[in-house]
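What follows is a single structure, written as structure tokens, with notes after it.
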Amino acid sequence: MATDELSNKLNRRLQIEDGTEEPVALDKSEHQNGSEEDKSTTANADSELFAKLTRRGELNEGHGEHCQPSMKAFNPYTEFKEFSRKQIKDMEKMFKMYDAGKDNYIDLMELKLMMEKLQAPQTHLGLKNMIKEVDEDLDDKLSFREFLLIFRKAAAGELPEDSGLGVLARLSEIDVSTEGVKGAKNFFEAKVQAINESNKFEAEIRQEQEAKKKQAEEQKQRQAAFRELQKAFK
Ligand SMILES: [Ca+2]
Ligand SMILES: [Ca+2]
């Protein structure tokens, strides 16, 4: 519905600009009380509207530049709900510490140094494979998000303990606490805990939203009462 309305407006605007259709009502009022200056301001606003509509149309049809996924704000706390804020902060600290070049990526050289620091040096091929395992955007280096994937996999017991990434997660001294690598029982307990955590998180957000809604309603009521009061004094 809304899209139809937009495209109608857009078509009409195009026709007016082409001169194939006389603008009606809108312009009449301008002739009556508007100066030339007013008109050009309206024209500017119109072309701005036109640009916006065109862009909206393009986006609706899937053309136009959408934001790259990597440009979207990445929120580790909502995406990695299985970890506590403390755990994520620890992982961030570690990531920043080993990102010596401060470009927000851990590249092969930086990973090499990390593994040496952790006293588990890896071969060149080993390092490459470690990156490959979580390098979702295939740029041969680890973003913070990809770095977190290492711990997600470790916590879910998906990394062989003697694999490069498994060693990294174990030696990182970050308590992934879900203890996925230590056996099925703990793994399932960890899962349950993760689910409870995420439910808790959602419940907290819901509570916040409800509180806001209530506040807005109360304000509305106050305003209505105030208006009634005003009326009474008129
Ligand atoms: Ca770096
Ligand atoms: Ca990458």
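Using the three backbone atoms N, Cα and C, a Cβ is placed for every residue, glycine included.
For reference, TrEMBL has these:
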- 1-51: region 'Disordered' (REGION)
- 25-40: compositional bias 'Basic and acidic residues' (COMPBIAS)
- 86-121: domain 'EF-hand' (DOMAIN)
- 122-157: domain 'EF-hand' (DOMAIN)
- 191-226: coiled coil (COILED)
Average pLDDT across the domain 'EF-hand' (122-157), rounded to a whole number: 96
Structural state census, the domain 'EF-hand' (86-121) (DSSP three-state): 23 helix, 1 strand, 12 coil
